[in-house]
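To start, the structure under review is shown below, and the notes come after it.
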Amino acid sequence: MAFSVSSFTLLVLFSCFATFLVCHGFPVHHNNPFHHRHHPRFASHNYRDALTKSILFFEGQRSGKLPASQRITWRRDSGLTDGSAMHVDLVGGYYDAGDNVKFGFPMAFTTTMLSWSVLEFGGLMKGELQNAREAIRWATDYLLKATLHPDTIYVQVGDANKDHACWERPEDMDTPRSVYKVDKNSPGSEVAAETAAALAAASLVFRRCDPTYAKLLVRRAIRVFQFADRYRGAYSNGLKKYVCPFYCSYSGYEDELLWGAAWLHKATKNPTYLNYIQVNGQTLGAAQFDNTFGWDNKHVGARILLSKVPILASSSLFVKYCIYDHQSIKMIDVVLESQAFLVQKVQSLHDYKDHADNFICSLIQGAPFSSAQYTPGGLLFKMNDSNMQYVTSTSFLLLSYAKYLTIARKIVNCGATAVTPKRLRNIAKKQVDYLLGDNPLKMSYMVGYGPRYPQRIHHRGSSLPSMAAHPAKIQCSSGFSVMKSQSPNPNILVGAIVGGPDEHDRFPDERSDYEQSEPATYMNAPLVGALAYLAHSFGQL
């Protein structure tokens with residue numbers, strides 16, 4: 001049966017569109033039943049300040065020619081010849097963590113999560129929205145360069161082993177800027193599909209404020225995904241000695257194909273991607289009950305993203321969504337998305353709601369299906385190495401899913417335990433509050449936030465004197481005396497989230513302890529959205 005948009009729906013669309021601001025600058029209306037009419041009187045943290053700093057951090061990770069607007073001023077230009085080894089321009093992008101290598105896989109995931117943060121909560125960010133967009137664009141400009149040639153993606157700049165043999169500023173680096181790529185002969189479906197996801201998600205961020213750029217992003221995303229799917233293989237096979245053990249893909253590439261298809265469907269509304277998800281979902285591991293979400297494993301994120309589908313399938317819910325939830329995706333997209341799912345009764349996609357619920361239940365302490373571990377102080381604990389990435393990504397997923405459930409007026413049933421959206425928000429808030437200082441050590445794990453935070457983070461540029469303080473070159477090995485010292489880092493990498501405490505809430509603040517003391521872009525990216533929501537909830541935005 002052909003679908004036609006009723007005159008009533010068009011009227012609703014028009015009324016929604018009248019209040020629509022460019023590039024997700026959605027107003028928060030007082031008649032929104034999901035908007036807090038009365039803000040809580042007291043917040044133990046300044047979430048707005050934390051939001052500002054969480055975005056500022058990305059400027060400290062920039063590679064390339066820095067703009068005049070650069071706010072972290074102890075950084076200087078670096079990597080200005082990147083790509084020349086392969087006669088391509090790969091200047092720009094981000095250093096992923098505390099070293100001077102540009103790893104494409106985590107950079108793409110960072111970009112996807114920054115974009116998702118803006119898509120869900122950008123309407124609440126106010127003055128920080130433009131800063132968030134600029135952080136995304138710094139990455140997408142680079143990813144466009146890395147995907148310029150068809151069926152080829154440049155996935156890494158820098159020899160990680162040789163880079164790690166030095167402790168030097170990015171401005172000084174003289175280690176090989178080797179370039180590594182995937183192509184038809186040496187495929188890399190996981191990094192290619194994640195790159196497609198990043199470009200597709202970012203296209204939605206720029207669709208209104210820069211439509212030409214958005215179209216470029218989505219066209220490139222389509223082409224990159226076709227490459228990822230047509231030439232299947234793991235990049236950590238062909239490039240094993242260069243990308244492992246740093247960013248090996250342990251979960252395989254199936255999760256990225258599903259994740260990439262989900263973002264492309266969201267960005268294009270092309271039924272081809274919906275069909276792809278239906279046909280390939282099970283073989284790509286859609287039903288796996290792996291409850292880890294991070295730069296390697298995207299199954300949980302895909303479940304949460306796709307769970308939105310059945311929620312929006314009802315026309316009555318669509319009207320409520322359109323009228324009330326102004327800080328989400330564009331209204332015209334809602335019409336098209338609603339159209340797609342009203343035309344096709346996609347029962348298989350309802351499974352993603354069930355899978356998402358299973359993930360939620362795994363986090364609920366005392367629930368029948370609970371499997372998550374927490375420290376004595378209450379922090380979600382997955383592993384010793386960079387555990388805070390799972391805290392920030394899980395907090396974001398909880399707040400996003402709570403939003404979807406609220407729109408649909410649904411809850412999650414974990415056996416006899418009914419879990420409301422409010423409870424999900426409370427769990428997320430508790431995790432963020434722990435990160436910001438509500439923990440046994442009374443320490444913020446965000447550098448520059450609060451009275452006590454890590455002083456000796458595992459980060460070359462932060463730990464060594466700045467170019468302004470020490471213009472002379474610091475040689476490769478001479479920096480290790482600083483790395484091993486107990487002196488505080490001279491340059492504050494404001495907003496950086498470090499790996500965090502161990503399973504007993506202990507944190508030694510040792511520069512050499514990369515597992516606990518190293519920051520990374522993919523730890524900050526999902527926190528941006530969570531902090532925007534919390535700042536708004538407590539009347540700080």
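Cβ coordinates are placed from backbone N, Cα and C, and glycine is handled just like the others.
Taken from TrEMBL, the feature signal peptide applies to 1-25.
Summarising the annotation, TrEMBL assigns domain 'Glycoside hydrolase family 9' to 47-531.
Per TrEMBL, the feature active site maps to His458 (among others). Cβ contacts within 10 Å of His458 (active site), excluding its own Cβ and spanning all protein chains shown: 24.
The active site annotation in TrEMBL covers Asp509 (among others). Taking Cβ-Cβ distances under 8 Å and a sequence separation of 6 or more, the neighbours of Asp509 (active site) in its chain are Pro454, Gln455, Arg456, Ser517.
If you draw a 10 Å sphere around the CB of Glu518 (active site), it holds 21 other CB atoms from the protein chains shown. As annotated by TrEMBL, active site applies to Glu518 (among others).
In this structure, the C-alpha atom of His458 (active site) lies 5 angstrom from that of Glu518 (active site). Confidence in the domain 'Glycoside hydrolase family 9' (47-531), given as mean pLDDT, stands at 91.
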